[in-house]
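Listed in TrEMBL:
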- 35-95: domain 'NLE' (DOMAIN)
- 136-177: repeat 'WD' (REPEAT)
- 198-239: repeat 'WD' (REPEAT)
- 241-279: repeat 'WD' (REPEAT)
- 288-328: repeat 'WD' (REPEAT)
- 408-449: repeat 'WD' (REPEAT)
- 450-491: repeat 'WD' (REPEAT)
- 492-525: repeat 'WD' (REPEAT)
């Protein structure tokens, strides 16, 4: 009798144990189908506390969640990233696919929490350029620089033939040849404005820059002089601005949100000086001296400071009321070739955006430009990236520290050009090692390498929505790269020789390129 009772109790305990095991297994199964996630903005600021998300959650569900947590009245588009890899599928599929990714495995095993970075996306979408819409002859030597106006309505180019040309984007034909004093204008038969010395350049036009309000175009030459042009007439506004002893290496305008209408710009020269000019006074008002070798690049930042990069391996920061040196950034072991600011797109375009709106007064323009700048910058400081002959790049937050935020290595040859995406979330770099590299614009960490060019890459330019990147190379081609897929989107052959200059219009509609074959090409979607 006792034996039977004991046996019954054993069976009961066994059944209970099995049931308990099933409950635990069920809980574990449920738990395994959920992932603990922490949403953060690109600066790393958490959005609420960590939350359990089902493995079936994807970009659509995350988008709804972020809009809800941010209390966005108007639903905005976002992209999501886990350690710089875009999350384009459900969480479960993503984790399964990236099992081999050591970094993600470490995050899951050590932290048990996956950090998902949400990035605001442009509400508009730029179509990739796919074809050459026109090849425009006119320059008699290599085209060295091309630049669209801030509103995307005008295009200018500088050449080794000593002229600046402006082009009619509607008819895709030459509009003005900027040389000096007006002789004639026959718009219909395309006899251009012809200009004579002494008002024109006497040597190669190395760089050009539009004022952010679109009212002026300044060009700098190998002879060291600068000329300010009226884009409406093609006429020079006074005599050349003299002062530099060697050629001009860069020009940058004071942002329109700091001063409207635009009056001041800064030029950099091989002579080691940078000069601030006033176009109304038609003279140099401040000379920035301190570099011991040539200045190679210059940027006028949104906070009002001027940044100069030099062959003396330093970057200097200047205030602009008296021209005092306020900080020096050291770290590069060779020439600094290129500088870029995280706010560069809004500094270039001022009050103009994809809607094409124009403004009735400088005050209105200044106000809108300030709103755009503040929205783009957010609470974080303006970031600066530098590229050098030492094959490296540095990411800086100059307002916060004189020490770099990150040293970015990977290129096998000199870094020729660096450029932040319009939204400030990416940095692209072009190198003589024939590659274009993509980096995280906030942390400076490496993201991807774009390979396909068979010659040095000279210049890069972003589409206004930050989704596409354009590169021009010595190999005579342009290439369009897709940031989401990190692959080549479009190969654009057509030039007969090296492509020196490329620019994507701020409105996203057109691309311009120029180079050794002396022609200007326009490309469209």
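Heads up, the Cβ atoms here are built off N, Cα and C, so glycines get one too.
Just so it is clear, the model here is predicted, and its values are computed rather than measured.
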Legend entry - Across the repeat 'WD' (450-491), average pLDDT on the 0 to 100 scale: 97
Legend entry - Distant-in-sequence neighbours of the repeat 'WD' (492-525), which means Cβ under 8 A and at least six residues beyond its ends: 124, 126-148, 150-152, 155, 157, 159, 165, 167, 169, 172, 345, 348-349, 352, 354, 356, 455, 458-465, 470-480
Inset, instruction - Give residue numbers and ranges for long-range contacts of the repeat 'WD' (450-491): same chain, 6 or more residues beyond its ends, CB-CB under 8 A. - result: 79, 86, 88, 121-122, 124-126, 128-130, 345, 354, 413, 416-417, 419-423, 425-426, 428-438, 497-504, 506-508, 511, 513, 515, 517, 523
Inset, instruction - Go through the chain and flag residues at least 6 beyond the ends of the repeat 'WD' (136-177) whose CB is under 8 A from any CB in it; none is fine as an answer. - result: 190, 192-195, 200-214, 217, 219, 221, 227, 229, 231, 233-234, 348-350, 352, 356, 358, 500-510, 512-522
Inset, instruction - State the non-local partners of the repeat 'WD' (408-449) in its own chain: residues 6+ outside its ends, Cβ under 8 Å from one of its Cβ atoms. - result: 42-44, 84, 119-122, 334, 337-346, 376-377, 380, 383, 385-395, 455-462, 464-466, 469, 471, 473, 475, 481, 483, 486
Legend entry - DSSP helix/strand/coil residue counts for the repeat 'WD' (288-328): 0 helix, 20 strand, 21 coil
